[in-house]
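The structure under discussion appears below in the form of structure tokens.
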Amino acid sequence: MSNREQSLATPYLQFNRSQWAALRDSVPLTLTEEEIVKLKGINEDLSLDEVAEIYLPLSRLLNFYISSNLRRQAVLEQFLGTDGQKIPYIIGIAGSVAVGKSTTARVLQALLSRWPEHRSVELITTDGFLHPNKVLKERDLMKKKGFPQSYDMHSLVKFVSDIKSGTHKVTAPTYSHLTYDIVPNNNKVLEQPDILILEGLNVLQSGMDYPHDPHRVFVSDFVDFSIYVDAPETLLQTWYINRFLKFRQGAFSNPNSYFHNYAKLTEEEAVGIASQLWKEINGLNLKENILPTRERASLIMTKSANHAVECVRLRK
């Protein structure tokens, strides 16, 4: 099969790093190096070059899509003869644990909010819609946290449905990675943002991923543009272990940390436990529930070493 035939056989346009970077088209970099340092994750090297070459072209593309969506809404309002109702544009970001979804979400939030249109951009993670630990323990699901059955999907779907219905005030629960649990009485209130970035393992999942909990509507039904952050599993496991080691030296040393007992481990013991957690929980969840959703994404960013994006695939 020729390269042209291969290109026609896929629903994606593929760009290497330099091809994608060229699509920036003189969009100015509005983030300083100090601001970028604050946006990156605990185990990531996020450089000015990465933001300029990968995230600026992406923010330019998203700005085009969002503007097009607003024009479509205006056409519908003109047809119906109604006053404009503000309907947020939802960007979904999916991918494995440790791949850097949160950094991608934070960078896009910062860039999109600084476009000349000055749109309001909110960021919500689906972690807040995990069942509380009390419920997970009752259902013997603590070792399945992040798997489809560990989420309160009805609440998550209602949340995105309310957002897309133009509800003026919508609340979302928050999750603490320190206590490894939902934070009681600490809901985040969203008041009709222009853009909602929804980040989580499960934003691209659909009915086939929830046979235990049949319902007809899913988060992916409400997402306008979806991004899957991808990387080879060998890298993902390495990044997960390295992140675990950094947490052991930092967050785990906090007496309030759910994983405080891990702070006393030797490095060899910590690597062993992190490897086991990857094999039994995160790697398994990746293979069974996350990776199969990759080809549902509007755009796939594939990372190489040091979290540098080497390839971008954009749905035609």
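Glycine residues also receive a Cβ, built from the backbone N, Cα and C atoms like all the rest.
The number of other Cβ atoms within 10 Å of the Cβ belonging to Gly100 (ATP binding site), over all protein chains shown, comes to 24. Annotation source Swiss-Prot lists ATP binding site at Gly95, Ser96, Val97, Ala98, Val99, Gly100, Lys101, Ser102, citing sequence analysis.
Close to the recorded ATP site, the chain also has Val229, Leu236: residues not among Gly95, Ser96, Val97, Ala98, Val99, Gly100, Lys101, Ser102 whose Cβ is within 8 Å of the site's Cβ mean position. Counting other C-beta atoms within 10 Å of each candidate's C-beta, the binding-site residues Ser96, Ser102 are led by Ser96.
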